[in-house]
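Visitor: Structure provided below as structure tokens; questions to follow.
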Amino acid sequence: MEKPILKVTGIVKNFPGVKALKGVDFDVRAGEVHALCGENGAGKSTLMHILSGVYQPDEGEIYLEGKKVQFHNQKEANEQGIAIVYQERSLVEGLNVAENVFAARQPSNKFSWIHWKQLYRETEEILKSLDIQVNPRTMVSSLSPALQQMVEIAKALSLKPKVLILDEPTAAITEKEVVALFRLIEKLKREGMAIIYISHRLVEIFQLAERVTVFKDGSLVETANVYDVDNNWLVNRMVGRDLELKRVEREIPKDVVLSVKGLCGGSFQDVSFELNRGEIIGFAGLAGAGRTEVMRAIFGADPILEGEIYLNGSKMHPQNTKDSIERGIGYLPEDRKAQGLFLEMSISDNISSAHMNQTGRGIFLDDKRLLTESEKYKEQLRVATPSVRQKVVNLSGGNQQKVVFARWLMVNPRIMIVDEPTRGVDVGAKAEIYQILREMTKKGTSIILVSSDLPEVMSISDRIYVMHEGEITGELSGAEATEEAIMRLASGIRDE
Amino acid sequence: MEQTIKKNKTKGTFSPGKVIDLVAQKRWLIPLTLIVVYVIAFAVLYPSVFLTKYNLASLLLEFSIPAFVIIGMAIQLINGEIDLSVGYVVMFSNVCVACLIVLGVPVWGAIAITVLFCALIGWLVGVLVAGVGVNSFIATLGSGMAFYGLGLMVFDYGYKYGTNNPNPNGLDLLHLPDSFKNIAQLQIGGFQLPVYYALAVIAVFVVLMSKSKYFKQYYYIGMNKEAAELSGIRVKRTKIAAFVISATLSSLAGVLLVARMGSGATTLGVGMELKAITAVVIGGVSFKGGRGTMIGAVFGGLFVYCVNNALRITNAPSNLYKVIEGLILLCAVILDAQFSKRKIVG
Amino acid sequence: MEKTKQRKRGSIFQFVIEKRALALLILILVFCLAFSLVFPDTFGTLGNFSGILLNMSAEGLIVVAIVPLLIVGEIDLSLGAVMVLGSILCGRLMILDDMNMWLAILISLGVSVLCGLINGIIVAKINVVSFIATLATSMIYLGIAVMLAGTGWTDFPDPLFRTLGQGKILNIQLPVIYIIVIFIIMSLLISRTRYFRQCYYIGGNAKAAELSAINTGKTKIVLYMIASGMACISGIISAMRFNSALTSIGAGVEMRAVTAAVIGGVCFTGGAGTMAGAAMGALFVACLNNALTIASISQNMQNVITGVVLILAIVLDVVLAKKKAE
């Protein structure tokens, strides 16, 4: 029972500019739940992608039941007995449950004729074992997100895997389904399945897992038996690191420029905070905590259901993004490729996208002026490119991020919200971006920093708010903020 | 425009890579080159027929009215949408204005009513697409059908109740007064008026599209709708405006068309959207949105009508024209797919 | 509690969305019944209904051809052209070159499938947007067809040819039988074979499809070839019926096919919809047009109504999708 079903040694995976996995040894045994935790970007997802065949490792080996294996794609991994349930939906809404569970693998004869009775029967069995009360003939489009998640799990189980990987399975399901899911996991354990369970919810780890492994910065920190450790141990292993960034302690006089009271939106409720002039407040939390949603609502990109926002003392209700920008609020989006950049357009066009209405005479653009202004910012931010006429798609991640920054520098808002400003950015550019932020505050701009990078939040912010599942769980001043303290609040651990 | 051409010609070495980059960057060079080639070829081969003022005037006249539709289509494609109703809007407008005039409505009133009605429907479709989220392909497919039907209905009505009783032999004649026909049939300097109208409208929109703040927004929206929204662009509003503009231009084209032809007909204008799409794509406007120039679209359109003219001069079978047009469109589109892959230095 | 209330209210809409074919069938039956009561002599006769089906027979094949492509998220605007090409080529071979009927049909089919192959390669391998790619090829194919046609071909020499188009079995016109048979075959393929079911996966979630090692490119190419093949058959059936191959058939047929499919619940962006639904959509439009013609409502109004129905169908789908997301 001690011999592992799945074992990996020395796994290395690099992406351009990022060392995602720096040599990981990991294993999971039959009949155990092995939990994985760690910050966003610590390497858990990359390892799971490798185990499920989507990525191939640059170095290292995978052993399944003692035999060395290689997966060129997910289908091969599935065939060999590894199944994964991702956070993102892989279901086809236009088909029913049974056809999604046996996606592209419906039982059929050699002419490809589907055996429907068999399909429904086998689906029925799987659903029953999961205690899901769903008719296999139901269209997926009419199921709730929670039920869809269960169908995803059924889909993975239909592969009859030896190893099941679950990535944040409880993220979108209700209490009742969580109970059912846990019962299922216990059952699978008894039947000898090896389960890798990724979760931010530390409570679940202690409920389900035999062993837990902590990842940090691309390396496996430590593996331990769950009985031997507690929350503090986990938090400590997840974040304990030497802070490379020096904190600069600042005295920020109380001068409230933005005050948010009881804000409620689609996925957050009762959010209240204040921002002083020239201050940088950090919003820490785990993925899905709702920080981006709050910021988008303040920026006018999403509707606000309840609550009040006061800008320099006067109440405001952002109607749309143009309105917010005109009032002096800027927003650097989380996903620069999808939301921030016009990839096939020039750097200059990207930089001037939010401010072009303000330059030029009357209805006409002043192309020359926009070019010179863009040049100016290009120099100032040290964007590595020969000309601002270059297409943005050619730049590295860090330089692309600088371009988006430049856009907001041109607008020069009084309040600047930056969402994951250094995600996918190399170390050098990171430091430059921090410098940009500090410079902005010197000029009187106040900054809200949303970030999952704890050292970043801690070294840049004057104060830190922590969010968990749509609510603010705590406020820490720069000095009293330790990584453990933040992580505890972010994980929803309350000091009872 | 001339200046930039000269500048490009005096640039450094002409390595094939550089030339391709240059062309990819200034896509309107392609249709322009094709036009130049055509002009030279036909000047040489058919000097007596081609180089006459009459031929040039008729070529430009052929092109002038569809130019309106092409402009509207270019805006839509750049903006990331498509408008399949324009041909039917042209058809409806032509019949509607003719019918109104024949029923006794004063000329300018008839034009105003027609254009405003089309603009209104354009607005509705815009709301459907930008506000409700209906796919523009389907929405304009549906509205096109509605316009077609309305057009036929209006024609029947005018045919029955019009004060100028039409020739009983031809079902597609509605005799229109000179005061109306003159809008399109008068000549200045050997060219009919629509050529001048088109020139004016083209000039206006080429300038607006490349130099105005408002129209630059269309590029941003077409390239990345989400990022445009987050840059403070009122995406919904701007998209709706594009539908209104497209409908208005198409409607004007319909009015001019019937003035030129002298009588309303239910066949005029049908199919113009496909020609417009062909023209625009040849001119470098991509289906992906966010790229292409108005001048390119115009050259593309001009080239399409040059080919038309060529086939008429050479008395080539009209089906050959279809094949050639299709081949050119195909090449343009494949070229577009390949160009997107290149890393182009701006 | 609130949720269950909303579910109940939404259930009628749910029905219309999910069982579109059934909902449309009920609508058609109710509609036809009502109209038959109002116009018993003209609308409510067997002759009229068989006339509706007969008229649907040629264009109905185009609907059958285009549905799988819509489901994978593509479109084919060249089907009308291929229809003409098929019929013209067949006519030319039989009349001008005095070729055996079956050989002529086979060659026409081969050429059409080749057209489909070209379409598929341009869309799936060269990655051109299917709308514009097939728009371009439609011009080419139609041009070629017209070049081959001269003035069109009439009077096919082989009497069997005419019989195949004009004959009856059990008092049902042969073309109607053809389309019903082909519809049943394609419907079964799409709904019951694993290979063709892939369309839904490709159209519904392309990324996931790729991960499941589905060869999206190859599948699309196959679908284009099948579609063109069917367009050819449609053209030949048309030639059989009217004993003539003309270049004027099939104009705008793709758009009408898309309309019928969308009304029938096929999602324009792919991943959903059934052949049966599309067939019901086509039947509905045909019945509607027929009824309106009998009621002396002009052709024109019919177009308006069809357009409005199309828009209603789409708006319904979009609004319901949004409601679902909340």
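Glycine is treated like the rest: Cβ placed from N, Cα and C.
Found this in TrEMBL, in case it helps:
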- C:21-40: transmembrane segment (TRANSMEM)
- C:52-72: transmembrane segment (TRANSMEM)
- C:77-95: transmembrane segment (TRANSMEM)
- C:101-122: transmembrane segment (TRANSMEM)
- C:129-149: transmembrane segment (TRANSMEM)
- C:169-190: transmembrane segment (TRANSMEM)
- C:221-240: transmembrane segment (TRANSMEM)
- C:260-292: transmembrane segment (TRANSMEM)
- C:304-321: transmembrane segment (TRANSMEM)
Visitor: Is the count of Cβ pairs under 8 Å between the transmembrane segment (C:221-240) and the transmembrane segment (C:304-321), pairs 6 or more apart in sequence, 3 or more?
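Guide: By the criterion, they do not touch.
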Visitor: Are there residues at least six beyond either end of the transmembrane segment (C:21-40) with Cβ under 8 Å to its Cβ atoms? List them, or say none.
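Guide: Those are 15, 49, 263-265, 274, 276-277, 279-281, 283-284, 287-288, 291, 294-295, in sequence order.
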Visitor: Excluding the flanking five residues on each side, which residues at least 6 beyond the ends of the transmembrane segment (C:77-95) place their CB within less than 8 Å of a CB in that stretch?
Guide: 58, 62, 65-66, 101, 103-105, 107-109, 111-112, 115-116, 119, 131, 134-135, 137-142, 144-146, 148-149, 152-153, 155-158, 161, 227-228, 231-236, 238-239, 244-247, 249-254, 257
Visitor: The transmembrane segment (C:260-292) vs the transmembrane segment (C:52-72): three or more C-beta pairs under 8 Å (separation of 6 or more)?
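Guide: The transmembrane segment (C:52-72) and the transmembrane segment (C:260-292): touching, yes.
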Visitor: Which sequence-distant residues neighbour the transmembrane segment (C:129-149)? Criterion: at least 6 residues beyond either end, Cβ under 8 Å.
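Guide: Here the qualifying positions are 69, 74-82, 84-85, 88-89, 91-92, 115, 118-119, 122-123, 245-247.
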